[in-house]
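Going by TrEMBL, these are the annotated features:
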BINDING   Asp30, Lys35, Thr84, Thr120, Glu160, Lys286, Arg350  NAD(+) binding site
BINDING   Phe157, Leu158, Arg159, Glu160, Lys227, Phe272, Leu273, Glu274, Pro275, Gly276, Gly280, Lys343  substrate binding site
ACT_SITE  Cys283  active site, nucleophile
DOMAIN    336-439  domain 'UDP-glucose/GDP-mannose dehydrogenase C-terminal'
Amino acid sequence: MKVCVVGTGYVGLTTGACLAYLGHDVTCVDLDAAKVESLRAGRSPIYEPHMDELLAEAAERLRFTTEYAEAVPGADVVFIAVQTPSLPDGNPDLRYLRSAAETVGEHVAGPFTVVVNKSTVPIGSGNWVDAILRESFERAHGRRPDGAFAVASNPEFLREGVALFDTLYPDRIVIGSDDPRSLHVLNELYRPILNQSFTPPTFLPRPGELGAVPMVSTDLASAELIKYAANAFLAIKISYINEIGRLAGRVGADIMEVARGTGLDARIGPRFLEPGVGWGGSCFGKDTAALITTAGEYHHDMPIVQAAREVNARQRRMVVDRLLDELRLIKGRRIGLLGLAFKPETDDLRDSPATDIAEQLIAHGARVALHDPVAAERFRRERPDLARHLCDSAEAVFDDSDAVVLVTKWSHYLDLDWGKLLPTMRTPVLLDGRHCLDAERMRRLGYRYLSVGG
Ligand SMILES: NC(=O)c1ccc[n+]([C@@H]2O[C@H](COP(=O)([O-])OP(=O)(O)OC[C@H]3O[C@@H](n4cnc5c(N)ncnc54)[C@H](O)[C@@H]3O)[C@@H](O)[C@H]2O)c1
Ligand SMILES: O=c1ccn([C@@H]2O[C@H](COP(=O)(O)OP(=O)(O)O[C@H]3O[C@H](CO)[C@@H](O)[C@H](O)[C@H]3O)[C@@H](O)[C@H]2O)c(=O)[nH]1
């Protein structure tokens, strides 16, 4: 099939590269000329494991352009995967989506194109995009679209860092449309994934237990709500274990044992029960805020989602509180933070807990020392105000520090020579923000080992 993907960020690029790998003819369009140039040269502008290899494998069927006119006309499917960041009031900023839909509307030519909203958008956005497409089509063509296109919602559930795996081997695919033709086209498009009939890339073998992938075909509003419901649930699950972790700390229980013993109940499940400094990233904060504001439009409140957000903010503050308890005074102290990306295996810094914690520490008068094995360059570009605090190596973070906090669970940090680093610190306070170090071993080495929660 002929596919156009609008937006080549974490979602759009992954979608485009995977669909081309599966045999579709894909053109990705992005307004960012530098991104397009880099992609044309076969270089991924984002850090996502195996992306460069997949781009190379799919290169024959994958093109990049800044021109909608080269991508939209004649496409069977147009994906819109532009950013929808939070506005200060919690609503998503839909200006990128509006602009993308307007331009798609100008260029869409039929005979039948499914315009798919892959961006995460508030309930009702499918109808809104449909209206924008129609107006724009009529302006450009001087006639009504008369069935030339239909709108569908196909929310994305990939996790950064394992985005290609999640796309080729998803738990499910959700399609929402009020036009049965769209469901048919998208069923066809995703057939290789649904029945797992493709040859897996050598670098991403198919998980042994995977059978056919379930497809949820539903209406627009339900598909849109599924995305928010899923993200809010995951965010709540993490905040829940973090809340239990605080209690565990008080009563002397081991939160890792509690999480394991709780997660082994098949009704609960072990995943997303890792305690620590809490969730960050481009989605959970933004999408829980959007769910609450959307619900508010219907005079509905969401106290559980609200509480998950509050617990999450508290986890970040808890890092500073733990350090204040331990060091008494943090003004003038050197505090090292290991990890800046919001999670390992990505360079994404959006709503990163580390940045938030660094800002809180600086506000308390601390001197911070920052490191990330992958996201440092992006940090330098995106946070020039904090760039002077970056260290060249993880080891340099320890040097003369009064405390070191492990914020992102990069394997690079787990493999450090912790015994050798301890004597380089001024005071050996180690705060494990992800419960990922061996507490007993660290104590034996001489660290004053602390965690967030029990
Ligand atoms: N990042 C994730 O893990 C993830 C997962 C699931 C869903 N989502 C959702 O997917 C959407 C995209 O997220 P992302 O992280 O890929 O964003 P991103 O910021 O990485 O990428 C968006 C891209 O769209 C481009 N763009 C913006 N306006 C454009 C326009 N009018 N025409 C062409 N290109 C345009 C930008 O230049 C950018 O390259 C968001 O709604 C997000 O909530 C993201
Ligand atoms: O047990 C856990 C699991 C995750 N996290 C943190 O939660 C955040 C989000 O992690 P993860 O969900 O793995 O990454 P994302 O790439 O943000 O993916 C989420 O957000 C995407 C955007 O909507 C969705 O598509 C995915 O399904 C959803 O998992 C990160 O800061 C993690 O460190 C924890 O603290 N404990």
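Cβ coordinates come from backbone N, Cα and C, glycine included.
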_Under 8 Å between C-beta atoms and at least six apart in sequence, can you list the same-chain neighbours of Arg159 (substrate binding site), or say none if there are none?_
Asp166
_Among Phe157, Leu273, Pro275, Gly280, which are recorded as binding-site residues, the nearest neighbour of Thr120 (NAD(+) binding site) by Cα_ = Phe157
*Within 10 Å of the Cβ of Leu273 (substrate binding site), how many other Cβ atoms can you find? Include all protein chains, please.*
20
_With the Cβ atom as the reference point and anything under 6 Å counting, tell me which of the binding-site residues (Asp30, Thr84, Glu160, Gly280) are near ligand 1._
Asp30, Thr84, Glu160
*Looking only at Phe157, Leu158, Arg159, Glu160, Lys227, Phe272, Leu273, Glu274, Pro275, Gly276, Gly280, Lys343, the residues listed as binding substrate, what is the longest Cα to Cα distance in Å?*
25
*Sorry to bug you, but what's the C-alpha spacing from Cys283 (active site, nucleophile) to Pro275 (substrate binding site), rounded to the closest Å?*
18
*Out of the recorded positions Phe157, Lys227, Leu273, Cys283, give me the one sitting nearest to Arg350 (NAD(+) binding site) by CA distance.*
Cys283
*asked:* Restricting to the domain 'UDP-glucose/GDP-mannose dehydrogenase C-terminal' (336-439), what is the model's mean pLDDT?
replied: 98
*Specify the secondary structure state of Arg159 (substrate binding site) as given by DSSP, simplified to three classes.*
coil
*Cβ under 6 Å from ligand 2: which of the recorded positions Lys35, Phe157, Arg159, Gly280, Cys283, Lys286 qualify?*
Phe157, Arg159, Gly280, Cys283
*Given the NAD(+) binding site residues Asp30, Lys35, Thr84, Thr120, Glu160, Lys286, Arg350 in the record, what is the largest Cα to Cα distance, rounded to whole Å?*
24
*Tell me the Cβ contacts of Asp30 (NAD(+) binding site) under 8 Å, same chain only and six or more apart in sequence, or just say none.*
Val6, Gly7, Thr8, Gly12, Val36, Phe64, Thr66
*asked:* DSSP-wise, what's the residue breakdown of the domain 'UDP-glucose/GDP-mannose dehydrogenase C-terminal' (336-439) into helix, strand and coil?
replied: 38 helix, 17 strand, 49 coil
*So among the binding-site residues Pro275, Gly280, who's got the most Cβ atoms within 10 Å?*
Pro275
